[in-house]
């Protein structure tokens, strides 16, 4: 007899019980645990819903990974499994063989079914399988701890599909007996009120990643604060609020909202990304004030910064330890940049990426920034592309990078002297100017990757990712 023969005999025994409809809860209590996965797969493929219900009641493993078996949601299958759970949670005394603690509806554990189907029977014994069946995603449970149902929730429509609707309705009427655990929740389309109702049915400690895209005014973002305050294990948060989906907040650690603030008060944020918010001048100061711990990255794009906004950037502790600062497509040609220089001084010891791109910074403003920029010794990337500066101002800028030995990528605009009256580059003029700029730079340090002028180069299509000391098209 081959080594796979016992597996085949178990499969045949299970098929016989199912096809002859001899299966009862008493029969299942007497069967070896190795039979269950094979029988469950058979009942699943044959749509034997009563058998599925009974097998859930007698399931001899800690976890039932239904999601990896049911690739496409099937309402009747889900109903049968949940009816089996109903019988379990309603019993005051648990059945003798009851071990089931988690129904997992995520597609995360195909190995369980392939092992027991015989595809990998030679490499995994029942004892080893028993060790694999742990409940890693939830706390250790005592005798009367709630059952847990795991699912990843991605809402791309305004309403739930029939399976999710049934599941959430089932959960609603079994509070305290069953916890719905969602480690990852994404909402792209569901209305705010409906989504908040769903959050009330999810076990809050289970949420580790939350992503919300909503069109609403910024002063309504605080409606999510009461829910976030309960998510003690939240590791990643991505929020996009506003009429153009422009305010992004990314967190890597727990966040504790200040319920008195219209903004979400994030205690351990990593990144704040603000884009195209027309009324940000009414909110930026408020937002920065309520960020309690230092940000790792601040990205501000396609908006207008007033002088007061600039002052805010230099005043609040939340921006005092930035590793990444990106100001992109922000018209600064009339803005006082002295506060930005103060901010650069504060973050000089931590800043690694500085992007001041397409901001129309002119010579007088650039010179205000140079002393602070020269102290940013950790800088590895500097993008100053898309600004309006002369050759002499760029030379001055390059000289001030003498101490920035870690710079690996630099992007600079074509000097004003090389542009025609339409703002287009005259390559015959730019070529010798760039050579002179490179001589100026090499007098103070040796560059690694550097670009002057349009990116990508309109002549050869080169990008600054190429490892060239100096890009020059003829």
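Cβ atoms here come from the backbone N, Cα and C positions, even for glycine.
Listed in Swiss-Prot:
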type: REPEAT; residues: 97-124; note: repeat 'LRR 1'
type: REPEAT; residues: 179-203; note: repeat 'LRR 2'
type: REPEAT; residues: 204-230; note: repeat 'LRR 3'
type: REPEAT; residues: 231-265; note: repeat 'LRR 4'
type: REPEAT; residues: 266-291; note: repeat 'LRR 5'
type: REPEAT; residues: 292-323; note: repeat 'LRR 6'
type: REPEAT; residues: 324-342; note: repeat 'LRR 7'
type: REPEAT; residues: 348-375; note: repeat 'LRR 8'
type: REPEAT; residues: 376-400; note: repeat 'LRR 9'
Counting by DSSP secondary structure, give me helix, strand and coil numbers for the repeat 'LRR 8' (348-375). 11 helix, 5 strand, 12 coil
Could you tell me what the rest of the chain brings near the repeat 'LRR 9' (376-400), counting residues at least six beyond its ends with Cβ under 8 Å? 333, 344, 347-363, 366-367, 370, 406-413, 415-417, 433, 436-437, 440-441, 443-444, 451, 455
Segment-level pLDDT (mean, integer) for the repeat 'LRR 3' (204-230): 71
